[in-house]
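> To start, I am sharing the structure in question, which I have written as structure tokens.
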Amino acid sequence: MNREHAKAHLLLEALPYIRNFYGQTVVIKYGGHAMVDEQLQESFALNVILLKYIGINPVIVHGGGPQIGRMLKLLNIESQFKQGLRVTDDATMDVVEMVLVGKVNKNIVNLINLKGGSAVGLSGKDGRLITARKLEMVLERGDAPPEIIDLGKVGEVTGINTQLITTLLAQGFIPVIAPVGVDEDGETYNINADTVAGAVAAALGAKRLVLLTDVSGVLDKDKTLISSLDIKEASQAMADGVLVGGMIPKVSCCMEAVDAGVEKAHILDGRVENCIILELFTRSGIGTEIVCKRCQA
């Protein structure tokens, strides 16, 4: 089979997947190494543009932790973390918003547009896209009294303005969302990007939620990739201590999304070129899919 015939064969192999996703929404959380490596940045942009051109509606939510950390260091503002979340005082919040909304967001928008897409950058403040409230975190330690952890201006999502997103999608745009929210009094909050992506996917009734990470997916106790997890199995993996560290909030976010009606959630290695296409348009995929069998019954 020559190269041209092989290419035609590959396109035909993708047809069932394209048909399945046509007209559907896919929410992608963009973060990790894929945001800082130029080759991976280009691969990401082209994957997103391809989705749009074949009739799928991609919505991007991005992080920016390393970029925020570098700017805070440059400004001699000390970074503090509690339970894996950045403590965000007023000065830090100003930097977070400046970096996420003014720099990272616009860089992503510019890259997609340069590669032939039509992206529009948004923060949660635009059209009250993301409404939020202060995150209240309580840490329980055995018989000790519960400890209330004050993270400052770290928020949790209370609402998503889906009309704004669907209006942009209907006009052919690719929304790119910075995870900054606002409460009813106008206070600004720093929100975990995975959490925002999950909330956006659930609110939109998206077909898929995709989280890009710096690992191959969810690993078992032997460090072997788990290709598929039901939410019950995921809960058990947490209880058994199989899931640790930063993977816990990612899996929790996916579980909440599929429980709310998203068909599947995926955790992928963003360091792999074309990881989005490989996961969505091949039978085996390359990462971990999280499903709710009960919800689909």
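Here the Cβ of each residue, glycine as well, is placed from N, Cα and C on the backbone.
So Swiss-Prot has the following annotated:
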BINDING   Gly64, Gly65, Arg86, Asn190  substrate binding site
SITE      Lys29  site 'Transition state stabilizer'
SITE      Lys250  site 'Transition state stabilizer'
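Give me the local environment of each listed feature.
The secondary structure of Arg86 (substrate binding site), as reduced to three states from DSSP, is extended strand. A simple way to gauge crowding: the CB of Arg86 (substrate binding site) has 21 other CB atoms within 10 angstroms, across all the protein chains here.
Classification of Lys29 (site 'Transition state stabilizer') by DSSP places it within a strand.
Remark: Lys250 (site 'Transition state stabilizer') has Asp194, Leu211, Thr213, Ile267 as non-local neighbours, by Cβ distance under 8 Å and separation of at least 6 in sequence.
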> Could you measure between Arg86 (substrate binding site) and Lys29 (site 'Transition state stabilizer') for me? Cα positions, answer in whole angstrom.
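So the Cα of Lys29 (site 'Transition state stabilizer') lies 18 Å away from that of Arg86 (substrate binding site).
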> Quick one: largest C-alpha distance among Gly64, Gly65, Arg86, Asn190, binding substrate per the record, in angstrom?
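So the maximum pairwise Cα distance among the substrate binders is 12 Å.
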> Near the substrate site, what residues other than Gly64, Gly65, Arg86, Asn190 in the same chain have a C-beta no further than 8 Å from the centroid of the listed C-beta atoms?
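After dropping the recorded site residues, what remains is Gly63, Ile68, Gly69, Thr88, Val96, Leu100, Ala193.
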> Given a 10 Å Cβ-Cβ cut-off, pick out the one of the binding-site residues Gly64, Gly65 that has the most other Cβ atoms nearby.
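Top count of Cβ atoms within 10 Å goes to Gly64.
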